[in-house]
C-alpha cells in the first residue's frame, strides 16, 4: 500500500511537467504497482524513466486543420505526376490525358477484348500513322503558296521539239498538284467482310457441304448460306443447280470479332506466315486472301471442337474485305473539278457578258445580286466543268429537279429529253475530233495501248467505269483521236438557258458567241430562247462531222493497203475504226431522237403535277414551249444527223467487209500452202515406201544383196514419173478426147 502511494505522488509531480506523456506512463505503471513500496520520493534516484525529455519543436507547428484545408479537392503530391506524351505534337497541341481505353489511363478497365480492343489498337497504332501520311496540317493564318504546273507546254518553235515525237504526260488525266488533298475524314473504314468456301467434292457427297457450313458458322458466328452453281462445267464434272459453295457476310460487331481473331490469334499461329500479297487488293482498298484447311483448323471455334469434325473434311476459306474507299477517295475527286462560269444576257438590241468565279458561293451571290434584267430576252448560264457544289447550288437557285441534277453528274447517262413543270432538261452525247499533234491539255491526251493498259491496272473498278465514256478512242497510230463527253442543258420557263459541259465547252462557246456578237443573226434577232438550244445542238452535230471525214480518209488508206498486201495487223486498225464509228453512230442516233422529241413537242402546254403535290390534285401546266421557228431549224439539224448516221453506218459495213476480206485472203493463202505441201507429200510417198522396202535388214534378200543402188532408181524413176502424171493437171487434148468420147456415147 505504501508503494502505491509513493508511485501516485511521484506521478502527480511528473504529470505537471510532461503532460500527456506522464499520463501514458501512469497507465502503464499503475497496473504493476506494489503496496509495500516506500512513500518517500526523495530516496529514489533520478533515472531516464523519471527524467522528462525536452519538448520537440515540431509540436507547435503541427496544425491538422490547416493541413486539411490546404489539400481540399486536390490529389496527393505523389499521384499528381506529369506524364510525357508519346510524341511531341507542337505548341498548338498541349498534352491531354489518355482515353479510358488506353492501358496507361487511370480509368482503364480491362476487357472486353473484341470491338473495344480493336478500336483501342486502331487509335494507338494505325490512326496516328494514317494521320501522319494522309493529313496535311497548317497552323492558323497560314496561306499555302501558289504552285505552278510542273509540266510545261510543248513549244513547236524550238528546233529541238520540231523533229521530236511528242508524248503525253505520265500519270492520270488530272495533274497531281490539282488533286484534292485528303484529310482525316477520308480515312477508309471496313464495312463488310465476306467469307467464302467452294466445296468441289460436295457434288458426290453432300455431307462435305454441311461440314463446310458448320465450320463457317463456328469461325464467324454467323449463319452460313449455301449457293447453287449457275453454269455447268463439263471439264470439272459440275452441273448447274448443284450446291457447292457456302458464304457468310459479316458486318458490325461480328465483323470486328472475326478480324480480331484472324489477326491476333490465327495469323501468329501459322508457320512461316508471309503476310498478304500486295497484288491481292485493288485500288479501292478491298483485300482478298485465303486460308488452307490446316490454317482454318487454328481458329478457336474449330480448334476447341476439332474432334467433332470428320477427318480431312474441313475446307479452306477465302476472305474478302470491302472498304468505304470508293465513296470517299475516288468519287470525290471525280465530282470536284475546276469550272468556268459565264452569264450572258442578250436581246436583239443589247448584250452583256459576266464572268463568275468557279465556286458555289460566288455563283449564289451573283444570282442573288444580279437577276436577269428586264430588257434581256434570254439569259444564258454557261458552266464548263463538273463541280458538285456548283451544280447543286445552281439547281437550288433555279429550282431544278433532283433527278436532272443526278443525270448531270452521271457521266454514263444516255441522250434524252425530260419535261418538268418549270423547265426542260436534255442530255447530249458529244463526240468530237481532236488533233494529237498539238497536245496541250491534260484531259485531252492521246494514249497508246501500252500506257493505257498500265493506267488501267492502277485504277479501281469504279474509276474504270467512270472513265469508260471519257477516255480516248484511238483510230490507230494516226494524228487524231476521238473524245467523248456529255452536254447537259436546261431551258426554264423564265427564258433562261443553262448549259453544262464536262470540260471542252469552249469550242461550242466560241461558235455561239460569234453568232451572238452580230445583231443580224437569227439567234440574236429572234429573241427566242429555244433558238439557243438549237444553236447548242447544231454545234454539237457540226463538231461531229469531221470525225466521219477523218475516219473515211483513214479507211481509204487502209483499204488500199489491204487490197495490195493484206495482213493480220490491219484487222486491229479496222477494229478501232469500226468501234469509233459504232460509238459515233449510237450517239448521233440518240441525238436524233432528242431532236425529234423537241420537234414533236406540242405548242399547247401539257399538264403535270409538282413533285410534292397530292396525286388527286389538279395538274399544273408546263410553260416551256418550243417555238415554231426553232422547230424549223431543228428539222434541218435532223437532216444533218440522218446524213451523218447513214455515212457512219456505211463505214461500219465497209469495215466489216474489209475485215472479212482480210481473213478470207489469209485463209486462201494458207489453203494454197497446204495444197503445195500435200502435193509434195504425195509425190514423195512412193519413194518413202520403196526406201522402207529396200531398207529392211533381212539376211536373205536377193534384190538388195545381189544388186547395186541403180536397181533402186530403176524402180523409183518410173514410179515417180507415173505419180507426176497422175497429179499433174489434165492437158487440153485429154479433156477434148474425153468430151468427144462422151458425145459418141
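Note: Cβ is positioned from N, Cα and C throughout, glycine not excepted.
Unlike curated records, TrEMBL annotations are generated automatically.
Per TrEMBL, the features are:
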- 33-117: region 'Disordered' (REGION)
- 33-51: compositional bias 'Polar residues' (COMPBIAS)
- 187-239: domain 'Large ribosomal subunit protein uL5 N-terminal' (DOMAIN)
- 245-326: domain 'Large ribosomal subunit protein uL5 C-terminal' (DOMAIN)
- 677-698: transmembrane segment (TRANSMEM)
- 710-734: transmembrane segment (TRANSMEM)
For the domain 'Large ribosomal subunit protein uL5 C-terminal' (245-326), the number of residues DSSP places in helix, strand and coil: 33 helix, 19 strand, 30 coil
Residue distribution over DSSP helix, strand and coil in the domain 'Large ribosomal subunit protein uL5 N-terminal' (187-239): 21 helix, 15 strand, 17 coil
Average model confidence [pLDDT] within the domain 'Large ribosomal subunit protein uL5 N-terminal' (187-239): 83
